[in-house]
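Step one of this worksheet: look at the structure below.
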Amino acid sequence: MDATTSGTPTIQYHNIPDQSGTAIAAASVPTFPRQVRHCFGDSSPGEFPLAANPSIVLHVLTACNLDPRDLAKLEAKLAALDICQKRAIFKPMTDEECQNLKRKCGGSWKLALRFLLAGEACCRREKSQAIAGPAHSIAVTSTGVVYSFGSNTSGQLGHGTMEEEWRPQQIRSLQGIRIIQAAAGAGRTMLVSDAGRVYAFGKDSFGEAEFGVQGTKLVATPQLIESLRDIFVVQTAIGNFFTAVLSREGRVYTFSWGKDRKLGHQTEPNDVEPQPLLGALEDVPIVQIAAGYCYLLCLACQPSGMSVYSVGCGLGGKLGHGSRMDEKHPRLIEQFRLLNLQPMVVATGAWHAAVVARDGRVCTWGWGRYGCLGHGNEECESVPKVVEALSKVKAVHVATGDYTTFVLSEDGDVYSFGCGESASLGHNTAAEGQGNRHANVLSPEVVKSLKQVKEKVVQISLTNSIHWNAHTFALTESGKLYAFGAGDKGQLGVELMNNQTERVNPERVDIDLE
C-alpha cells in the first residue's frame, strides 16, 4: 500500500486565550488564563469534530431539549460525517480538502456522502473487478492485487515481457501497492492505486492518432504517470483517441485528441499533460466517467439530483442531444429530466451508450446496429430511450461493448442483446437446436448459460473495441470469475482445445478475486 494512505490526519488543536475571561487567583496556585479550543485553522474556528467526541454528542442529543426536527437533522449530519470519514478516499484528505469537497457537493455532509457512495457504486471502486480489454484482460482482487493475461504485443500485461499469457499472472512489480480501479484499451493498460496514483503500461500513448498509430515506444512494466502526480485520481477511462481521468474531488481531466478542440482544449495529439474538462462541468462534481470510441460521458452528482453530460463525436446520435452534431464542450443531456429519470450508472460502447436509473429502468441511445439498443430493431436513437422490453426488470448495472449490451437485474439475472459475433452474448442457441449461435439479438434475452453458475452475478465486463473480437467476463458475489467469447489470444484465461478460437459457454477462470 502506498505510504500516503496511512491513517487519519491528525487534528491540530490551537490554544486561543479568551480575552473576555477573568483570571482565577488562589493563594498558592499560579494564575492560568482560561483556554478555548477550536479546530481546523489558525484564524477562524472550524467545525468541531463531534463524531470524534461521543460524550459531547450524547450530551447534545439527550440534555439539550432539541426540537425533534432539529434533533433528526443533527443526528443525520453526524451520521453522514461519520460515514464519510470511513471512506477510503476521504481518509487521507486534509481538513481544507474535506471542506472544499463539502462545499462543491452543495454544502452538507449528506450530499458529500451521496457523492462518495455514488462513485463507489458506479465502478466497483475498491472491490474486486475484471476488465475484458481488446484481446487482453485485467483482474483485480478485493485486496488490490492485479492479474493480467491475453495478448501482450505492446507489453500491456505489465510483466516485463512481450509474451502472451493464457493463464492469469500476478503483476509482481506492483507488490505493496493496492489497486482500486483498472482500465484496458488497445495495447494499453492503466491502473489507479488507493493513494490516487496512476500507473500505465503498454503503448506509450494516451490515444491513437486518427490516421496512423501513436505509441512507438513500448512500456512492459507499470510506470507512474508523473503528470498526474499532483492530482488524486479515483478512476481512469480509455477511449480510442483520448484518455480521461477523474479526480477525488469530481473533476475530469483528458489527454490527447486536442485537434480542433474536440474535447474543449487545443493541444497536440501526443500531449502528456492532463487538461481539465471545464465549461459546464467547472463546478459540477462528477462521480463516474465512461469513454467510448470517440466520446466521453460524465455522471454528475448535484444537490438537484443525478445527471449526465456528454462531449466529443456525435456520429450516430450517441451524445444524446437529438442530433448527430459534435460537442466540443460538455453538454447536459436534457432527456433524462423529461423522462423523470435519475441516472445512477453510465456505460459507453464504441458507438452507443446506456444508463441505469435509480428506479431500475434502462435507457439506451446511439447507433442501433445489430440490435445493441434493445428496442427490437437496428435504428439509431439520438436521445436516451427506455428499453420497454425490460419494463418488468429492476436493473442495477449495465455494460456495453462494440454493438453489445448486458444488463444485470436486482435478482441476479443477466440479459444481453446486440451483436452475436464471437459468442460474446452468451446465448448458445446452436446447442439447443435453434440455429446459429452467432445470431444477433434485437431485444433483451436472459443469458441462460449464466444461470448454470448458480450464483448471483455482480459485474459484467465486455470488450469495447471495434478492432478486436469480443469476450465477456461475469464476476459472481463470492469472487468467482467466468469467461466466454473470443479467446484466440488467451484473453479468457482458460485453455482452448482442438484449435478452438472461442468459448461458447461460461468457463470458470482459475482465480479467486475475493
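Glycine too: its Cβ is placed from the backbone N, Cα and C atoms.
Just so you know, TrEMBL annotations are computer predictions that nobody has curated.
Since we're looking at a predicted model, the values are computed, not measured.
Annotated domain 'RCC1-like' per TrEMBL: 128-462, in sequence order.
As annotated by TrEMBL, repeat 'RCC1' applies to 144-195 (among others).
Looking just at the repeat 'RCC1' (196-249), the mean pLDDT is 83. The repeat 'RCC1' annotation in TrEMBL covers 196-249 (among others).
According to TrEMBL, the repeat 'RCC1' annotation covers 250-302 (among others).
The annotation repeat 'RCC1' is assigned in TrEMBL to 306-359 (among others).
According to TrEMBL, the repeat 'RCC1' annotation covers 360-411 (among others).
Taken from TrEMBL, the feature repeat 'RCC1' covers 412-478 (among others).
In terms of DSSP helix, strand and coil, the repeat 'RCC1' (479-514) has 0 helix, 18 strand, 18 coil. Sequence annotations record features per position, and here TrEMBL assigns repeat 'RCC1' to 479-514 (among others).
Sequence-remote contacts of a segment are chain residues at least 6 beyond its ends whose Cβ falls under 8 Å from one of its Cβ atoms, and for the repeat 'RCC1' (479-514) they are 128-130, 132-133, 135-137, 139-142, 147, 149-151, 164-168, 422-424, 426, 428, 430-431, 437, 449-450, 452-453, 455, 462-463, 468-473. When DSSP labels each residue, the repeat 'RCC1' (306-359) comes out as 7 helix, 25 strand, 22 coil, counted as helix, strand and coil in that order.
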